[in-house]
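According to TrEMBL:
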{"type": "DISULFID", "residues": "CYS553-CYS562", "note": "disulfide bond"}
{"type": "DOMAIN", "residues": "521-563", "note": "domain 'EGF-like'"}
{"type": "DOMAIN", "residues": "814-1079", "note": "domain 'G-protein coupled receptors family 1 profile'"}
{"type": "TRANSMEM", "residues": "799-822", "note": "transmembrane segment"}
{"type": "TRANSMEM", "residues": "834-856", "note": "transmembrane segment"}
{"type": "TRANSMEM", "residues": "914-936", "note": "transmembrane segment"}
{"type": "TRANSMEM", "residues": "956-985", "note": "transmembrane segment"}
{"type": "TRANSMEM", "residues": "1028-1050", "note": "transmembrane segment"}
{"type": "TRANSMEM", "residues": "1062-1086", "note": "transmembrane segment"}
Amino acid sequence: MNQCSLFQCADHSKCLSYHRLLDGTADCANEEDEHYPNTCALELPYRFECDNGTKCLSRSLVFDGVPHCFDKSDEHIRHWHACFDPLTDQCLTYQGKTARFDFTFSEICNGIIERISNISNDTDESHCLKTEWPCSTHYTDCNWIWNCPDGSDELKTCSQSSLSALHCNSTKHFCLNVDTGHPRCLPKTRANDGIVDCVGSIDEPEFCRMKYPGKSIRQFRCNNSDICIHRYQICDCHQDCPDNDDETTACVWLNNGRESFCHPRQFRCRNGRYLATKFCNTIHMCSEGEDNFFCDVDNLEAEQMFEISRFPDYSNRALTASTLWQCNSGLYVRSTIDPPGFFCLCSNYYYGDHCQFQRKRVSLILQLRIDNLIDNHMPILKFVVLLVRDHLTLSIISHEEFIYTPQQHCSPRYMLELLYPIDDLPLVFFNHTIHIHAFIANTLRHVAFWNFPIFFEFLPVRRLAKELVVMNISTTLSTTITYSNCTSCSSDSLCLGYGRDLQRDICVCPLDRTGRRCLIVFNPCAKTNCSGHGRCVPLDVRYDVRKQFMCLCDEEWFGEGCEKVKPHISISFVPEISIPLSNIVFIHVIETFLVNEPRVFTYFRRVHREMFNLTFYFDHRRSIANLVFIQLYEHQDRFDFYLLLLRGEYSPSLTELHAVVRPSRRCRPIHELFNQTVLNQPPLRRVKNYQRQCLDQQAICFYDETLMCLCDRTNHVNCFHFHSTPRKCSRNKCHSHGMCVQDDEICPTSAVCVCKQCSYGSTCQFSKADYSLSLDAIIGSHIRSSATNIFQQSAVCRMAVLILGTLILLGLSFNTLAFGTFMRKMTHESGCGLYLLVASILGLLAMVALICKIVIVFNPKQTNIGCSLMEFLLKWSPTSCEWLYACVATDRAYTVIYPIKYSRSASQRFARRSIVCILIFLAIISCPELIFRRIVIDSYDERAWCVLTLNADRQVMLILYSITNVLLFLLPLLINFITSIIIIYKTTTFKNQQYLNNKIVYSTHSHSVRLGMRVETLRKSIDKHKHILIAPVVLGCLGIPRLILSFIFVCKKLDRQPYISLVAYCIAFLPCMAIVFVFILPSNLFRVAMTDFMRSIVSQRIQTLLTAH
């Protein structure tokens, strides 16, 4: 920057080209580039010169409504005449912009130099022969400018309001005497004779015109000087001429013995009358026309129209009314072919030699509306409308298409005409239907279809009005449509069939293609990149040629070219306030500037738990309002308001702000401030108590159902209408009785669902009331999609992998040991061994399924099969283990109750049948995991969730699912406890019966001794049957915490307490791992079998090593 050879900002931050000086855009921080002195010395092209040649503006600033010159010449009325239509070539050329032509024809050879070529030094007056280009023409006569040397073009029959017509005859010009300043009539013979007779040398205009070519408003020549000044410098109480004649002789009535009068908004006539201002509109407000003196020195040219009447008539036969009626609603065209000597060009609605027949047609009016705004997907849609004949095969007889851009249009209406064929069979024998297809415009993916039958076919014109509601535009799924096998359409287009109206295939083109067969490349976005802040999208080539593309701006930008930054507010939360459970934040902007009643604008945004700072960008606003609230929703029935911003003065230039959400700024509801007596009062009486809260300084803000109240500096309350419940959608698309909220009542662009306490998801489609735990719900929101390995994940995810990895390692080891143990024949003497063999296999399966589940959870590309199958296995395998353990407890209890009847072979047979029945029964009970577990793509978090799609909309099925979840682990728990009690009771009762049989010995003992004997009997019974009691007691103890936690976590977000939820999730797998400790080690038989299995493994390993060596 220190080596900048161009213009450098004062803070050395930028180095600018000189062309960017005085261009209307402040590039430097202190705007010194817009106040650069003497820019005319830079000799920049396409500049407007003013202020005596010291300032040269960009021509784009001329007549833009803001004076940029001290003499205000850039806002002169002549510029308005030149730019009355800002799109004309005259205006574009005048402002130095690119135009098709760089001059207008009326300027050619009119005696005044107005255009100078920068290529050949030619002007609009060079090479003009006076014999060919007269000075008096249609363009120059009475245009307020002397185009002829003697000004005769202005002495013709012009307006009677001119000064010459008011004071003089048709051969003399009006002016002020150069010596006295009094009015005089100068003969035209003395005009341009080289002698100055009038003030300002207006009778000798050639001097100023030659000295300042193109500067046509500097036409007042100072006396005895070669200086030419503007009209605005005349009589402005400022000396601009050396002899001060611009302030004396030019306006002697303002200075002849009176006090000088220079009021900027008033004008004093010669007779002393005061006018509001001075006009140059040829209307004489002063009696002698002083208010229009020197107006002609502006060379303000009156715009002359191009008149056809000045040309001779071209001999032709006139079209009379009777001739035009030959073509009904058509265009009459003469022809040399006789008869008839003419043709009729008919509109689409008529046909025939005289357009006398009305064509059968369908007039269709379509109003469009996108209803699924919850996912905020609003793609550009292409609609194709077909008029189809319902015959043996569908025949397309007419079609139309159009593009719908939801970002630009709010519920637009399209009027279409579908025409029937002219030379066709009687149409009453056919039925017709209107088919409407909707495609995503850039991919041509079919997303919607409507069909409307046409009734009353005998009517010549059928008018239909339909509202098309586009719903559920999926980002991955397409609707079904049958395409025709056409060969004429391009490969990247779609063919809908053969159109009889055009006698060709109907091709649906993507946005970057056009033409009948979609072979022409259409890319208007090649010349724009939307300022680098958006995406350019081509539009329909058939419509406005000036608007063939649109920019879909990024969230932070707006404008046609995404060139403007949206006002935004950055919000952070103190540690005491966490992201709400609903992950939804509302911003309420209160507009109080220049309005009687504050207006509320609501914005909302979905957030995630790791978002510590969030930024709101406000659409359709130029600045940030001075009163802003933030609303945090825990769920539909619980929310909190916080005062985010409160500024006393409105600043329209404020577009960026940072705010912090603090507990001290919480707006309390009135039920926290008033007792029940006040709350029960009618609203009109209750509001009288609100002043008390501010007088007691108990709150800075509070609210009720319809009012939001603030306490001012004087501790007085001020309330305005405010609904605490946001604006609801016209159609509630939320499940489970969720509340749909939209950002605008008439033209919504986005919507969000606020769920009940036990529901979640973008549309509240998922339930938390099913008494089950899922790994996705526990750690899903903690997973970082950008992480490439486990070490880049969050602490919760790393801890979860560590805990589950340890669990899996121990589970695989223990169940492998158990499987080898129960594969020994010695363990199959009763049904217990078979139960435990299958349980060990299921334990291994549960560990393998858990490994797969961990891998799937961290994989962003999950599938429905993997999701449902893993959840099924993770539910079926551990549950089956617990039920098989309950069968073992039942079998052992049976041996205690009926020791004589018990048969080992019968137990084995019953075990085989029971195992099959239990596994099938539990598989059926677990089937909802296969049916209702699905992958759901969260468009905000951009990740896949494996969730149960059962919700409150299927209330009966959800209740049954929740009941079965509780019973699946509650029944085995009860069986274990009941069998434990039965075993203890039976064994103790048997011992006590032995003592009762010996009545003599038993009766001689005291009561305390007998009680001690019973306790000792109980202890010996437990010690004798401990290998039977350990399993049900331990499994029951493991089941109690699981039961308690399952009820605690109902309707809770598991990711808010991930570690406790993870412990509860792991407890479900502990029974599968406990088989060694609760069944093998307490039993002598099973312990011997395990020892043999371990010895065989060790001996085989040693033998393998010896053989290898």
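Quick reminder: no glycine exception, Cβ is built from N, Cα and C everywhere.
What you see is a predicted model, and the numbers here were worked out from it, not measured in a lab.
With a 10 A radius on its CB, CYS553 (disulfide bond) counts 21 other CB atoms from all the protein chains. Counting only same-chain residues at least 6 apart in sequence, those with a Cβ under 8 Å from the Cβ of CYS562 (disulfide bond) are CYS530, SER531, GLY532, HIS533, GLY534, CYS551, CYS553, ASP554. Mapped onto three states, the DSSP output places CYS553 (disulfide bond) in strand. In the three-state DSSP scheme, CYS562 (disulfide bond) is classed as coil. Within its own chain, the transmembrane segment (834-856) has Cβ neighbours under 8 Å at 775, 801, 804, 807-808, 811-812, 814-816, 818-819, 821-823, 827-828, 862, 866-867, 870-871, 873-874, 877-878, 880-881, 884-885, 887-888, 891, 908, 911-912, 914-915, 919, 946, 1069, 1072-1073, 1075, 1079, 1086, counting only residues six or more beyond its boundaries.
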